[in-house]
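Chemist: Could you have a look at this structure, given as structure tokens, before my questions?
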Amino acid sequence: MTVKDKRFSKMISLPFVPPPIKPVTLVLGGGGARGLAHLGVFEALDTMKIRTERIVGVSIGAMIGGLFAHEPNVYRARTRALTYLYSESFQKHQKTLFQASPSSANTELSWHEQFMKYMHVGGILRRILSRPGLLPGQVLDEIVSMILPDKNIEDLEIPFSVAAVDLRSGHPIVFERGPLRKLVRASASIAGVFPPVEHDGMLLSDLGVVHSLPVWIADSYPHHHVMAVDVSPELNSSSTMTSALDILLRIDAIGESILRRFVREDADIIVRPDTSSVKWFDFTRPEVLIEAGRTAALSALQNFKASQKSSVTSSLTRVVD
């Protein structure tokens, strides 16, 4: 072996250190209370020192995404969210409107079961038939105003995109500019539950009902890696379909599950927090959801980093050979 060969041998025997993960474009999906897991995802990114170059949010993902885009500090974002969730004001909404407080005798019932139970009380059926939403829009207005600043989207610290659907045209709409609170309120307005929002001739509602993980929006921007966070639980087997409504709801759940599975495959990094123990309307266990998001994101990022190392090492081996 020549002197040159010996130098080369020592060089390639050094341990390989993979490069850091490049910035990510983050897609935060819808899922009601389960979307609190998104806060844990930001904690994982902070732990691994990975920068977020853009946030795309729908429904609760838009709310959490807007909070972090305004204040990209995981401690302050978490504190702001938890302070409001434990406030007397939100506890009142949690108990009287969502019927999911720990003191409620109905916590074992699904939201659908409670909905059916209370449809016959207090004129709720008349409200459904005569009003644009089961719950008053002021409830969501207050939640959004307590979580998010009164700013325009284009003035946030991190580029931010809010996804909603225009009920008039039937088209999905992506906002990169405009009033943050109003547009997040529109994105989080679950059809039939909260009234839609009028904006620039459009009637905006939650896109998450038909597209709860809009990876395609992130793909439309220049990006390094797309990281998609799907907070919906896996679809379990069911044998309790005793009514036409049960069957319709089951078909809707199956369709959404298939669509999510299809679209998330377009992401470079997929995060699936285990949110199965928490109902979508139950905001009483935020720490459980935040930890689920943090754990799942750390695992996904570490696996992605390992796959990058494997890919680069394989390429170097081919070059040496």
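Cβ coordinates come from backbone N, Cα and C, glycine included.
This is the feature table in TrEMBL:
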type     : residues : note
DOMAIN   : 26-219   : domain 'PNPLA'
MOTIF    : 30-35    : motif 'GXGXXG'
ACT_SITE : Ser59    : active site, nucleophile
ACT_SITE : Asp206   : active site, proton acceptor
Chemist: Which residues, sitting 6 or more apart from Asp206 (active site, proton acceptor) on the same chain, put a CB under 8 Å from its CB?
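Modeler: In sequence order, Gly30, Val58, Ser59, Ala164, Val165, Ala186, Ser187, Ala188, Ser189, Ile190, Ala191, Phe194 meet the Cβ cut-off.
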Chemist: How many other Cβ atoms sit within 10 Å of the Cβ of Ser59 (active site, nucleophile)?
Modeler: 27
Chemist: For the motif 'GXGXXG' (30-35), what does DSSP give as the number of helix, strand and coil residues?
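Modeler: Per-class counts: 4 helix, 0 strand, 2 coil.
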Chemist: What does DSSP assign Ser59 (active site, nucleophile), in three states?
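Modeler: Coil, per DSSP.
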Chemist: Give the helix, strand or coil assignment DSSP yields for the residue listed as 'active site, proton acceptor'.
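Modeler: Assignment for the residue listed as 'active site, proton acceptor' reads coil.
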